[in-house]
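Remarks on the structure that follows.
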C-alpha cells in the first residue's frame, strides 16, 4: 500500500471494535508467524473528517499503534522501544494512508446512501497474513461495517464475497473495495515481506530475561483435597511445556490450567498448571518445565527454597508489588485475579512455596517462536 494524500481531523473519537474473523492463536501450528493490521475508521455526524486507528500485531501480540490524526506510528511493546522501533514505525506509517483514504471514500458513499440519519459510523478492515514453517503463505482481508463482517476476499476466486445481511448494499461497497490484483499482491508478497522484516528486527531486541522461574504452591481444602499449582515465569518465547509428573510419569487426570503460553507484557511469557491430589500424596508429584533446550524439575513440596528468581523477574515483582496475596492469588500478568478461580492456590495454606531458576540460561535468538 503506497502513501497517498488525505487529511484526518483531531482525535475526538477512536473506536476499537472486536477483531474481524481472525483466527485464534491456538489454531496455528508451532513455527507459524503472523502479521495483522486492525484498522478502524470513524466518521462523526456533521463532520467531513475521519478518525483512524490502526493496531498492528506480530504473532497476535500488539506491536505498533498507528494514529491517523498524527500520521505516526509508535511501538507498543515496551521492550521494542529504543531498538530500531522508530525506523519500523516510520516505515509502517508510510504504508497506511492509502488504506485510510479507501475507507474514507467507502464511508462517504455509505453516509450519502443513508442520508445522515445517525452517527457516528465506523468501518473496519482486517489485513492478515501467515508465514508457515515450510515457507508457504496465506492471507486474509476483511472489510466490516459497525463491527459486523461486510466483505471477505476469496483468494481462490480473487473476488469479494458479501454476507447475506448486506446483500442489498453490495453495489455501494464493492466498487470501493480494493482491486483483486492489489489485494493478491499485498497478501502474497507485501505482507509476508514485512513480516519477515519485523521478525528479523525482533531477533535483535530480545531482552535479557534471566533464567526461567518455576514456583510450586499448594492449597488445602476442607473436603480433604489439595491443589498443587506450578507456575512458570520469565519464559523467553511461547515454546514451552509445563506438566505434572507422578513418580516420573506424566499425569493428565485432575489437571487444569489455561492451556496456553501467555505474554507477561514485558517481552517474557508465563503459564501455569494445577492438579488435585489427596493429602499425603504431595511427595509423589513434581512439576516439569521444558523450555529453551532445558528441563527444569521442581518437587511439589520441598519445605525450602530451591533457588532464587532471576534479577529481572525479582525487579519486576518489587516494582509491581507482591506476586501473591491472600485475596489476590495471581496478579503478575493477569492470569487470575482476586477470587475468580476457587482452585487458585494460597501459598500460606500449605507447605512453604518453593522456587527454582535454571542456570546457565540459554537465550533464544528471537523472542517469538521460530521454526526448528
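Glycine is no exception: its Cβ is also placed from the backbone N, Cα and C atoms.
Under the heading compositional bias 'Basic and acidic residues', Swiss-Prot lists 317-331.
Annotated disulfide bond per Swiss-Prot: 78-89 (among others), in sequence order.
Taken residue by residue with DSSP, residue 191 (disulfide bond) is part of a helix. Residues annotated as disulfide bond in Swiss-Prot, with similarity to another entry given as evidence: 129-191 (among others).
Annotation comment: Swiss-Prot describes 230-287 (among others) as disulfide bond. Taking the Cβ of residue 287 (disulfide bond) as reference, residues of its chain lying under 8 Å away and at least six apart in sequence are, in sequence order, 214, 216, 228, 230, 242, 243, 244, 245, 273, 297, 298, 299, 300.
Per Swiss-Prot, domain 'Ig-like C1-type' is recorded for 192-302, and the stated evidence type is sequence analysis.
As annotated by Swiss-Prot, N-linked glycosylation site applies to 134 (among others), with the evidence given as sequence analysis. Less than 8 angstroms from the CB of residue 134 (N-linked glycosylation site) sits no same-chain residue that is six or more residues away.
DSSP gives residue 234 (N-linked glycosylation site) a strand state. If you look up Swiss-Prot, you'll see 234 (among others) marked as N-linked glycosylation site, on the strength of sequence analysis.
In the three-state DSSP reading, residue 293 (N-linked glycosylation site) counts as coil. Here Swiss-Prot flags 293 (among others) as N-linked glycosylation site.
Residues or ranges marked as region 'Alpha-1' in Swiss-Prot: 28-119.
Annotation comment: Swiss-Prot describes 120-210 as region 'Alpha-2', evidence class sequence analysis.
According to Swiss-Prot, the feature region 'Alpha-3' maps to 211-339.
Per Swiss-Prot, the feature region 'Disordered' maps to 308-349.
The feature region 'Connecting peptide' is assigned by Swiss-Prot to 340-348.
The signal peptide annotation in Swiss-Prot covers 1-26 and is backed by sequence analysis.
The 10 Å shell around the Cβ of residue 234 (N-linked glycosylation site) contains 24 further Cβ atoms across the protein chains shown. Mean pLDDT across the region 'Alpha-1' (28-119) comes to 71 in this model.
Checked against residue 293 (N-linked glycosylation site), the recorded positions 129, 191, 234 differ in C-alpha distance, with 234 being the nearest. Residue density at residue 230 (disulfide bond): 26 other Cβ atoms are found within 10 A of its Cβ, drawing on all protein chains shown. Mapped onto three states, the DSSP output places residue 129 (disulfide bond) in strand.
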